[in-house]
Amino acid sequence: MLLPLFLAMLWGGSQALDLFKLQVQESVMVQEGLCVVVPCSIFYPSRGWSPTTPAYGFWFRDQSPRPSLPVATNKPGQDVDTDTQGRFQLLGDPRESCSLLIREAHLEDTSLYFFRFERGDYVKYNFMEYKFYLQVTALTQKPAIYVPEILQPGHQVTLFCAFNWIFDECPVPAVSWIGNTVSANGASPRTSYFSELTFTPRPQDHNTELTCRVDFSGEGVSTQNTVWLSVAYAPKDLIISISDTDEPALEPRGKNLHLEVKKGQSLQLLCAVDSLPLATLSWTLQDRVLSWSHPLGSTTLELALPRVKAEDAGRYTCRAENRLGFLSRSLDLSVRYAPENLKVVISRANHTALENLESGASLQVLEGQSLRLLCVAHGNPPAQLSWTHRGRTVSPSQPSDPGVLELPQIQTEQEGEFTCRAQNPLGSQNISLSLSVVSPPQLLGPSCSQEDEGLRCSCSSRARPAPSLRWRLGEGLLAGELSNASFEVSSSSAGPWANSSLSLREGLSSGLRLSCEALNAHGARSGSVLLLPDEKELASRAFSSGVSLGTGVTTFLFLCFILILVRALRKKWTQAEVPAATSAPAPAPAPAPGKAPRSRFSRRSMILDYINVIPKAGPLKQKAKPSSPSQPPPDGHSPEARKNQKELHLVSHNCPGPKSSPQASEAENNQEELHYAVLNFPGLRPWETQRPKGTHPEYAEIQFH
């Protein structure tokens, strides 16, 4: 008994709270004159009514004192508030819906509302705990007009107008178009939330108004929206403005614009144009693009030129372009500045490459070479160019181009400083270069003489800069100042001349080559002396070889005897031919009292072949000048040196005589002079004066007297 009673009490106590329920939004907002639907659902207990029992709903203002008339109801014959009559209406099935339709909202409709529901004898309930607040505001919503941002003239276009406040239960407003582009048919209103307008834009339609109007039924409430049409056109009215940091902007007039500024001045160039759509602006210098604007940017483009440089000069062009056309305008900018970037371009004879020299550079030129100096400078106005040599003005090679200086066949007197000067009204600049004349070595020697101590050779050379001399004995190099028991080398120099002497005391042998080499950075030259054996030595060597062979092998005694007989017969044949071939040599003079006898070298049974080299007649005779007192003649060619030499009869390879062989010509091309000579010593057998077999036909036969 207790449990059913408890359940009945629990059911009855929660009836009002749980079985009567309303679902509605707490706040609803609507603009004045518009329509709004407030959705609502109701839940109530299934007691005291049947399916056929009618249901009645009532919406009341929640105000004090509580009104006696509802604002809306579905109960037949029930009076309603006159202010809301016909505007507030219940929607849907009243048995389960409490939705409310509000048309042509008034500002006075703003209030709190609650719902009452009745069905049968039991369900009669005021849902005071479920209320909604209606707020009516001023009408601000406007229709939306959909129009292209830019209209193309002559191309048909369709525009749309829409009012975005659509409820199926609300009445449809009337939409109309107003404007110069609207035809008579398009001006009449249409009942709809959406309207379209088709027309063909004209250039004169640019910046004209077009209005879309929405009218609501009732008390003449309406709203509208207006747009300005934009009809495209090509760029026009392009203007270039100029300003610097110290002066206001200037607007150059005329078709051809020209501006002169000084180097280092700061400028700002401003380009402005009128166009639709916005034109793409660009600044160019000649054919080089300097800056450009974005198509969606502004109608102006600025070009800053801080601290104008010489290379900033030229024609600046501003170009404006859109899809309907383009327009451009130019400004010629001239930059004035003093001469700068002065340099000299060198062109040498037989050289295709050009050399660029900066100020203070040193220039070396071979003697006799041709040279062309071209002075180049940048300046505005153009600089006047002139040349000076050692402070004296030099006449230009080409009067029409004073920057060119031709120097054919350069000689030593043209050494010194050459200066090019560039000058204009804004300043001047100088560039100087030092010219030095150089030449490869010219060899004088070697020349050799027989002395008591042995053989003494001297060699001289002239070159710029002065050459270095060195001796070669065979394949060995004798460099610098050297001295030992076998040889002694001594060197000296004065101006362009270099002298060297070599004294040989030991170590001489037949077939040994003695060379003098002269060299500097611009070339090398060499001359050689060759030692050859005489016939006496050849015979004695043959005899010594036979004796050695005979003493070693007894079986060859007979052969040795035959060789001795052959030698004896040969002597007799030689003595018979001597009177016809040569005269008898004079007896050798006895050595002076107190003097040491000649060294063993002077009595060796050898032929000393040497050369007294005289420079080739061509280059030396043409260019060498008489030595000044400050430049003594080379060693070995002074009168004192000639007194100490034996009297020699020399046939030089360069002097008139037999024609040189191809081998001699090849040696001459290699800048090496090779000569041969035979010395005959007094007291030797007459047949020893004969020339050795296999020697060169140009060997000179020289006798001591």
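Glycine residues also receive a Cβ, built from the backbone N, Cα and C atoms like all the rest.
If you look up TrEMBL, you'll see 1-16 marked as signal peptide.
What TrEMBL records for 143-228 (among others) is domain 'Ig-like'. Summarised by DSSP class, the composition of the domain 'Ig-like' (143-228) is 7 helix, 38 strand, 41 coil.
Regional average pLDDT for the domain 'Ig-like' (248-334) in the model is 87. As annotated by TrEMBL, domain 'Ig-like' applies to 248-334 (among others).
Secondary structure counts, DSSP: the domain 'Ig-like' (339-436) has 3 helix, 61 strand, 34 coil. Taken from TrEMBL, the feature domain 'Ig-like' applies to 339-436 (among others).
The transmembrane segment annotation in TrEMBL covers 542-566.
Sequence annotations record features per position, and here TrEMBL assigns region 'Disordered' to 580-599 (among others).
The region 'Disordered' annotation in TrEMBL covers 619-705 (among others).
Residues annotated as compositional bias 'Basic and acidic residues' in TrEMBL: 637-650 (among others).
Taken from TrEMBL, the feature compositional bias 'Basic and acidic residues' covers 688-705 (among others).
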In the domain 'Ig-like' (248-334), how many residues does DSSP put in helix, strand and coil?
-> 3 helix, 53 strand, 31 coil
